[in-house]
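What TrEMBL records for 8-226 is domain 'HpcH/HpaI aldolase/citrate lyase'. Sequence annotations record features per position, and here TrEMBL assigns substrate binding site to ARG69, GLU131. Among the features that TrEMBL reports, Mg(2+) binding site is placed at GLU131, ASP158.
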Amino acid sequence: MNYKSIRRSLLYVPGNSEKMITKSLGLIADSIILDLEDAVSLTEKNLARANVKNSIAKFKEKNKEVIVRINDIKTKTGILDLESIVEELPNAIIVPKADEESLHIADILLKSTEKRYDIEDFEISIIPLLETSYSIVHAYNILTSSDRISAVQFGAEDLTKELGIKRTNEGKEIEYARNVIAQAGNACKIDILDTPYTDIDDNDGLSKDILNAKNIGFTGKTCIHPSQIEIVNDIFTPKLEDVENARQLIHSFDEAVKNGKGVCMFEGKMIDNPIADRARKLVEKADQISSL
Ligand code: COA
Ligand code: MG
């Protein structure tokens, strides 16, 4: 894959707003998602495509991951989106209403455009947006239908609209879908990105919502407003004391292994391989973040 950054926060920016695109260049989101889909009205699609095309290089100059959400790839709008921006080499494309067929189409179109522009070595990755009931019950098959998938994103607004149920800040109604996506994404070893929290004035609710997702396996969250970025980054960044504790745990365990043991005690608890591996993962993530 062509990206090295960690994806804790990913900010959606409407592609038709030059002002917001310019502002997002200076924001601390790990990734920027330039939107050509729902944030852009039909009459502004051409303007949005031109803005996005002209701005991708600016994010790349700043070493910031830039992702483009295109329209449904089974429509002319979606194909025009992809064709108009692909030459600029965004790091990834978000495919909305994803299913197996849309990912096959996106994969083939990316392959052929990469060939056309001689950019085969770069490989633009795909992030399927799971936001239909079909996609929840077929999540694993969908996430394995292209080998350029680097992450999955959950879309709760479309899913609850399709189900005809109320969307709440607490999110009880989306627990099952989130769990399915977390398991399918983890089975595929890709980033697992949560739906945005749309109440931009409710930071306490946002924090709870991020924790709900993080505690079941999500690794990052999409944002819609600059004020959400720091909260998301903070929650997805391992705490210093946890990292220090993990380092000590790993040290104790490694010493025990050197002495021919398979388990040891640390702070009153039994430590074995999976627990030590979890600590190693935490330290690895913290090191990766501090090297950003
Ligand atoms: N990206 C970049 N800049 C943004 C932004 C975003 N997503 N959302 C707001 N800003 C900027 C505003 O332009 C404003 O800039 P300024 O202070 O330089 O004038 C500043 O942040 C504060 O914005 P605020 O006035 O609080 O919000 P708003 O009323 O301008 O916009 C929304 C509110 C919800 C319309 C806007 O945040 C937005 O469009 N978000 C993205 C929506 C989207 O992409 N949806 C589809 C994916 S789910
Ligand atoms: Mg949608």
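Heads up, the Cβ atoms here are built off N, Cα and C, so glycines get one too.
TrEMBL: automatically predicted annotations, no manual curation.
Keep in mind that this is a model prediction, so the values were computed, not measured.
Taking the features listed in TrEMBL, we show where each one sits on the structure.
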{"residue": "ARG69", "record": "substrate binding site", "Cβ within 10 Å": "26"}
{"residue": "GLU131", "record": "substrate binding site", "Cβ within 10 Å": "23"}
{"residue": "ASP158", "record": "Mg(2+) binding site", "Cβ within 10 Å": "17"}
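Residues GLU131, ASP158, taken from the binding-site residues ARG69, GLU131, ASP158, are distinguished by a CB atom under 6 angstroms from ligand 2. Counting only the Cα atoms, the space from ASP158 (Mg(2+) binding site) to GLU131 (substrate binding site) is about 6 angstrom. Secondary structure at ASP158 (Mg(2+) binding site), as computed by DSSP, is helix. A strand conformation is recorded for ARG69 (substrate binding site) in the three-state DSSP classification.
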